[in-house]
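Before anything else, here's the structure in question.
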Amino acid sequence: MENFKGLQKSLYIWTDSADLDKRVEQLKAATGGDVALENVHRLSFSSYANSSFDLIVIECAQLTDSYVKLLHMLKPSGKLHLVSYIGPAASLLQEIKLSGFINCREDSPDALTAEKPGYETGSSARLSFAKKNASAVNVWKISGDDEELIDEEELLDEEDKQKPDPAGLRVCSTTGKRKACKNCSCGLAEELETEKQSQKATENAKSSCGNCYLGDAFRCSTCPYLGMPAFKPGEKVQLADNLLKSDI
């Protein structure tokens with residue numbers, strides 16, 4: 001028991017009273033502290049406070065449900081020492097580990113030692129990863145005014161802002177102009193003729209309510225502009241040929 005030197009308060013759990021005083025004196029000499037006595041059969045009725053002892057020694061006893069209680073009775077980093085135990089060492093070591101002890105080991109063929117963790121049961125500790133990183137916090141303090149943003153208008157030239165003329169989108173592949181050649185075979189002649197006929201048909205199309213340009217919500221049920229987007233007053237809008245023909 002030289003490893004227990006300096007432990008101030010110990011509990012000796014006994015089963016046989018023969019030479020009990022001698023064993024207690026040996027434990028006092030090894031630890032240099034006070035030793036309390038408790039009978040193994042009275043252990044379940046005892047009312048020791050938690051974290052009361054630095055060392056608990058059990059001699060010639062087999063415990064099944066009391067290791068957890070002994071764990072609470074020990075101070076953090078306190079030691080449990082079993083001498084002349086009953087049963088296989090491997091089974092006892094596993095039972096002690098499952099009760100919450102650590103560093104369980106077999107010191108000799110008839111002695112086992114275990115330790116209580118260095119913290120009290122139910123205690124808490126602050127985790128390091130919960131600390132806020134100062135640099136990460138400062139990121140949210142960056143002002144948007146410090147960022148140099150590109151003006152979207154500077155990305156466009158004056159030519160980009162001009163709308164293309166629909167009349168000049170398609171030209172003849174031969175003349176390079178929007179005018180069909182004599183023997184047109186690209187379809188431009190038919191397209192120009194269709195536009196011409198449509199223009200003639202829609203020249204006399206007038207609004208009877210004056211709200212056609214506002215959109216479908218303001219148009220009557222027979223409005224020829226139904227389905228078309230809103231347009232500016234006086235803006236020329238080309239209607240399809242089938243909208244000017246009677247359904248009957």
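Just so it is clear, glycine is given a Cβ too, placed from its N, Cα and C backbone atoms.
The feature region 'N-terminal SAM-like domain' is assigned by Swiss-Prot to 4-129. According to Swiss-Prot, the feature region 'Linker' maps to 130-161, an assignment based on sequence analysis. According to Swiss-Prot, the feature [2Fe-2S] cluster binding site maps to Cys172, Cys181, Cys184, Cys186, an assignment based on sequence analysis. Summarising the annotation, Swiss-Prot assigns region 'Fe-S binding site A' to 172-186. Among the features that Swiss-Prot reports, motif 'Cx2C motif 1' is placed at 209-212. Feature annotation from Swiss-Prot assigns region 'Fe-S binding site B' to 209-223. If you look up Swiss-Prot, you'll see Cys209, Cys212, Cys220, Cys223 marked as [4Fe-4S] cluster binding site, on the strength of sequence analysis. The motif 'Cx2C motif 2' annotation in Swiss-Prot covers 220-223.
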What average pLDDT does the predicted model assign to the region 'N-terminal SAM-like domain' (4-129)?
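PLDDT averaged over the stretch: 86.
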Within the same chain, where does the region 'Fe-S binding site B' (209-223) have neighbours whose Cβ lies under 8 angstroms from its own Cβ atoms, ignoring anything closer than 6 residues to its ends? I mean 6 or more beyond.
229-233, 235
What's the CA to CA span in angstrom from Cys209 ([4Fe-4S] cluster binding site) over to Cys184 ([2Fe-2S] cluster binding site)?
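For Cys209 ([4Fe-4S] cluster binding site) versus Cys184 ([2Fe-2S] cluster binding site), the Cα atoms are 43 Å apart.
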Out of Cys181, Cys186, Cys209, Cys212, Cys223, which of the binding-site residues has the smallest number of neighbouring Cβ atoms within 10 Å?
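Each of the binding-site residues Cys181, Cys186, Cys209, Cys212, Cys223 was scored; lowest Cβ tally within 10 Å is Cys209.
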Whole-number Å only: compute the distance from the Cα of Cys223 ([4Fe-4S] cluster binding site) to the Cα of Cys184 ([2Fe-2S] cluster binding site).
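Between the alpha carbons of Cys223 ([4Fe-4S] cluster binding site) and Cys184 ([2Fe-2S] cluster binding site) there are 37 Å.
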Starting from each candidate's C-beta and looking 10 angstroms out, tell me which of the binding-site residues Cys184, Cys220 has the most other C-beta atoms.
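Max Cβ neighbours within 10 Å, all protein chains included: Cys184.
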